[in-house]
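These features come from Swiss-Prot:
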ACT_SITE  279  active site, 5-glutamyl coenzyme A thioester intermediate
BINDING   256, 257, 258, 259, 260, 354, 377, 404  CoA binding site
TRANSIT   1-30  transit peptide
């Protein structure tokens, strides 16, 4: 289906030169150490092999190989299935897998001795295996994951990716997930691509010329969808507080994953000239673009463009993404650089957490000793907003005051074994349904007081007592 005549043609040198000029002219997205190969550049005389089964696809694979897997909505399910079947049929050992969250079936964690997974951001299909010691988790900032590959801390033998069919110039697109994948394909010895006619074509850093691929495997597959959960009354209230008090017209938005960021977006329909520079976005951004609230007109970097590194959501957002010149999908090392984030006007970073203690320490990746997610870009964007060049950035942690079981999320101490993702020095604004606590520059006694004021009323008295026991002084605003 995809073996078109152009796959066997030789490109004239003017086309090659123009492609290279276009690449270097677009390097506003560049923020990395150069790898041994540049996916934008055609490799003269090289043509990938088309495979029709696992034996043809993975015949070069050996024991102990390091394998990267494209994640998120672009998870290549066909290649995952065929990799598993090939390794098991050949009895290969010690295949090490590296990825951020993947979606869909993930059989590797039940094949001890054959595979070992390392999650650089944990998804639902790996949590149980990590907790049981059958898989691993690496705590790392999303912006620094590319350095694992570029500095050769992890020597990748193979990258499995999901791409669009090549265009008339021979370029494929990584679709909705550029994130850390660009660094992986720059540094992998072999690249195996699932060529997928249902993947949205994206721009920015998303391109790879087919001559950089080792193997192409046709595999039509819809993007993995994540339907947003409707916001609760509490989450809706938090969204309203943030939208009305902390987001100004002309602000540049970063929103994380979840009901609270979605609730904030739903309350911004009357705002004007908002911009988006975010590690990820979902369906909520589409509505604001369609209503004219998001124009990106005042952004200092890539004005007029929605900038992101990956997208999750439903068919609605993938249709919006497809071949849309308004959206640039870029290398996460650049997108999430605090130095880059700080250059945009009024950057607002909206993130959530699992719990926060009375001094401002934030746990986001774990529930006690149980690994739940990862560092992601929370610290990257909180820091970028905090040091914004215009002095108008707002780094926000938004969290309901209690769990579904009425347990307070503002706690005297983080749960035993819980990891600190965002330090108390990073935290400026904390928002619950009861209001806003501003912690920047406040001492521990003042922080405890501010956080207790936005805790659930049922827990404020006990938190005051616990704060006194911990700090040896009563919480006070002065």
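Each residue, glycine too, has its Cβ placed from N, Cα and C.
Annotated features, which come from Swiss-Prot, shown on the structure.
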residue	record	CB count, 10 Å
256	CoA binding site	23
257	CoA binding site	20
258	CoA binding site	17
259	CoA binding site	19
260	CoA binding site	27
279	active site, 5-glutamyl coenzyme A thioester intermediate	26
354	CoA binding site	21
377	CoA binding site	26
404	CoA binding site	7
Whole-number Å value for how far residue 279 (active site, 5-glutamyl coenzyme A thioester intermediate) lies from residue 377 (CoA binding site) (Cα to Cα):
7
Sorry to bug you, but what's the C-alpha spacing from residue 256 (CoA binding site) to residue 279 (active site, 5-glutamyl coenzyme A thioester intermediate), rounded to the closest Å?
8
Reduced to three states, what secondary structure does DSSP give residue 279 (active site, 5-glutamyl coenzyme A thioester intermediate)?
coil
Let me know the largest Cα to Cα distance in Å among the CoA-binding residues 256, 257, 258, 259, 260, 354, 377, 404, as an integer.
26
